[in-house]
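For reference, Swiss-Prot has these:
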- 98-108: compositional bias 'Acidic residues' (COMPBIAS)
- 10-73: domain 'J' (DOMAIN)
- 120: phosphothreonine (MOD_RES)
- 98-131: region 'Disordered' (REGION)
- 255-348: zinc finger (ZN_FING)
C-alpha cells in the first residue's frame, strides 16, 4: 500500500521537510513533527491524526521495498544467496572491441632529448653559513624547548637583516635592538619587554626569509653576548650609544624582610604559645616607643620592657607581611621546643626557680612605681588562704617539696571536702605557683588519650573535680572519674614513662607529671587512695565566705587563685633558709617590703576580721 502523490505532498507538508528520504529520515522528521502537531503541545488534533495515518502508511510502504539480508551461515542465507546469483553465470560480459593503433611513435629511451638541445643542470644544494662561533657559548642550542627568553640573536643575510630590523621592532616593541654585520651577514641582537619562545621569534622572521637562511637563538648570557656583538660592525641600533653596563646589573636596594628570629625571641621571653595572641602583641610595636600609648599603661609593663626600636622596625615589616600567621606559628613552636628542651635537660628544682624568678619580676611590675596594685590587698588574700587550713603553709611547702623530688608513688596531693570549701581555689593557686595544666578525667575513655596529652611538657597537673560512683552524700552526681584514674596507675605512679599524644602531633614518651586530685565526698577506690601521697581535707567555713564577700578587692580580682599570692604566703610564713640560694635575696627583699608597707599589726587585724566574717582590710 503506497502513498498517492496527493498523500505524499500532504505528508511532506505535515513533516515540514522537502523530502521524506529513507526510513531513518522519515522517523526523525515524524518525531519532530509530533512536537508541533500533538494536542498536548498545543497542536491540532485532526492534523495529528492525519500525520499518524500517513506516517504509518509510508512506513509500511518503505519496509515493503526494503529487503533484509538473512544472517550469514543459516539456511535462509543460502537460499537468498542462490536467488541473488541466479542467472549471473548465464550473462555474457565479453566485449568485442578492437583498438585503433595510435600515431607512429618512436620509442625514446628515458632521459632522451631532441638533437641540438641541452639538459638543465641540477641545482646545487644551498648551504647556510654556521652560526658565529664567538656567540655559541652564550646562546641556547636546544632544538625543541618551551623555555621563554627576553633576549635573542637572529643570524641571516645582510639584505634580510635590514628588512627584519623594523619588522621585529614594530612587532615586539623591543627595549633594545641592534643590527651588526659579521662576515658579510647580519646579526640582530634583540631585548624584548616580555619573554617569548624562540620559535615565536623564528616564525615571525621566517615570513620574510622564504629563501634566505635564518637562525634564531635564545640568549643565556645577555651581557656577555652583547659585549661580543659590540666587536662587530654596527649598522643600526634604537638606543644612541648602546647599552650601559648598568643595564645588565642594575643597583637594587636590598629588600628588607621580617626578622623571624626577633619575633621568636620575643615569644620565648614572654613564653607565649598562642599564635593569635602573639600576632596581636607584636603588632602593638608598630608605633614608635616615644609615642606609644601602650607603654604608658601601668598594666602593660611587659610591653614597655620589650618595646625597642628594633622591634618597631620589624613590626612595621611584619604588619605588611602576608605570612603573619606562619611566622607566629613558628615562633610559638620555638617556645614549645625550648620548653621541651628545658624539661629534658634541667632539674625540677631549676625549673621551679625559673618559674619563681618570673613571678618575682611580675611582682616588681605590679607593686613597683608604675604598678597599680597594693601589697596590702595581696596580703589580705594571703591571710584568707592561711585560714583555709590550720597548717596551710606547711601543706604548701610539703607539696612543693613533693613535686620537686618527684619520687615514684609519692607524687600526688588529694584535696577532698564538701562543695564550696576551697579545693579548686587551692589547686588553681598551686598551678599558678608551680605551672601546669588542668585535666578533665571525667570524660569518656575514648577521649581520655587526648585529654592526657595536655600534660605534655608540663611541670604539674590537676585532676579537677573527679567524680566517683558512690558517695556519702546522695546529692552528688556520679561519674567515671575515679574509674578512669584507676586505669592510669602507671601515670599516677610515675615509675615508668608513658605515651602521651595530642591531635595532629606525634606521640611523646615521658614521665607523667605529679600534681593534685580534687574531689567531693566520694568513696575513693583503694587502688587510687594508696597512690595519694598527701591527703588534705578542707571544711566549709561560713565566716571565710562572708569575709571574702565583704572584701571585693580580693575576690573580684581573683587574688586567691594567683601564683603571686601563694608565693607571698610562702615568703611571709616560711623562713629564708627554706628557699634556694638563687631566690633568697628576693625573699629577703619582699619580707622587708611586707613588714614596711603592711606590718604585723595590720596582718593580725586581717586575721581577726576573717574569723569574724568582716571586711579583711578594715583596720
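Each Cβ is built from the backbone N, Cα and C atoms, and glycine gets one as well.
Averaged across the zinc finger (255-348), pLDDT for the predicted model comes to 92. Mapped onto three states, the DSSP output places residue 120 (phosphothreonine) in coil.
Counted within 10 Å of its Cβ, the other Cβ atoms near the residue listed as 'phosphothreonine' come to 5, all protein chains included.
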